[in-house]
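Accompanying notes for the structure given below.
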Amino acid sequence: MAFNMKNRHLLSLVHHTEREIKYLLDLSRDLKRAKYAGTEQQKLKGKNIALIFEKTSTRTRCAFEVAAYDQGAQVTYIDPNSSQIGHKESMKDTARVLGRMYDGIEYRGFKQSIVQELADYAGVPVFNGLTDEFHPTQMLADVLTMIEHCDKPLSEISYVYIGDARNNMGNSLLLIGAKLGMDVRICGPKALLPEANLVEMCEKFAKESGARITVTEDIDKAVKGVDFIHTDVWVSMGEPLETWGERIKLLLPYQVTPELMKRTGNPKVKFMHCLPAFHNSETKVGRQIAEKYPELANGIEVTEEVFESPMNIAFEQAENRMHTIKAVMVASLA
């Protein structure tokens, strides 16, 4: 069946087919090779892209900006302090204004309904740079990274997301694995597993793709034989430190340690993280947590020993944000 990625939104990957996702991954690989070889051709000359950031960002902003510049496009960075968005002007009206000035819009913020509203009213492609529910550009980068670090066919690659699995990373890793026919495992305390309706939807996708889905509290079952272990921060930075106690108590058994990596039984297992990671007490937040919870001085969701080991491929993963975001924009806007 033919498909056309021109003018397509990227909101969650729910509505992308397996073939379309694989096309974006192949294009990402090709664009990455061209950049390294110095043979990249600019496909987005004359294009203007708005970058709306209601949440702070390092990787997503840099990835969108560099990807756009590499391809000849111009970007405008918009944050809540420099715009009327949400204060004097609704997102619906903002979408209708920006859609008349820009060829594409990126949004990084809170509710999935906001990026959906942008897509409904902008009249131009909208790209989700992160919402509370989904992180699709990160997923493309994660799968590209796993492909690069594993000799197996995509359908034979196994990975686990471990920790607080009801966030955008847990949701999105479950979704893309189900779409692509992979062996995907989600592991965490029962209270912090993905919502049942999302799991049910992904199980339907898995039947179509041949994916194997495991959602469990059982750490040994989840990590056995996996090729990759993913995790993410345990608590959102907006939450006060005094609320962390119960969450830390729940999640401490799911901390990624050298012992956990060994429990996979796979000497080639790799560690992945969307970053930023709290792997020591060198950051302001890390120091605050270590003062209150001394047992976490050597890392929260992942220990320093794992993070600084050759098992960690999070920085290649971060670089691939740029290549995959570039592919999304080229496929939609070129």
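Glycine too: its Cβ is placed from the backbone N, Cα and C atoms.
Long-range Cβ neighbours of S57 (carbamoyl phosphate binding site) (same chain, at least 6 residues apart, Cβ-Cβ under 8 Å): R108, G129, L130. The carbamoyl phosphate binding site annotation in Swiss-Prot covers S57, T58, R59, T60, Q84, R108, H135, P136, T137, Q138, C274, L275, R321, and the record cites sequence analysis as its basis.
The feature L-ornithine binding site is assigned by Swiss-Prot to N168, D232, S236, M237. Other C-beta atoms found within 10 angstroms of the C-beta of N168 (L-ornithine binding site) number 21, with every protein chain shown included.
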How big is the Cα-to-Cα gap, in Å, between R59 (carbamoyl phosphate binding site) and D232 (L-ornithine binding site)?
-> 15
Kindly assign N168 (L-ornithine binding site) to one of the three DSSP-derived states: helix, strand or coil.
-> helix
Please state whether DSSP places T137 (carbamoyl phosphate binding site) in a helix, a strand or coil.
-> helix
Which number gives the other C-beta atoms within 10 angstroms of the C-beta of T137 (carbamoyl phosphate binding site), all protein chains shown included?
-> 30
In terms of DSSP three-state secondary structure, what is the assignment for R321 (carbamoyl phosphate binding site)?
-> helix
Could you list the residues of the same chain, at least six apart in sequence, whose Cβ is under 8 A from the Cβ of H135 (carbamoyl phosphate binding site)?
-> N128, N168, M169, S172, C274
Distance from R321 (carbamoyl phosphate binding site) back to D232 (L-ornithine binding site), taken between C-alpha atoms, in Å = 16
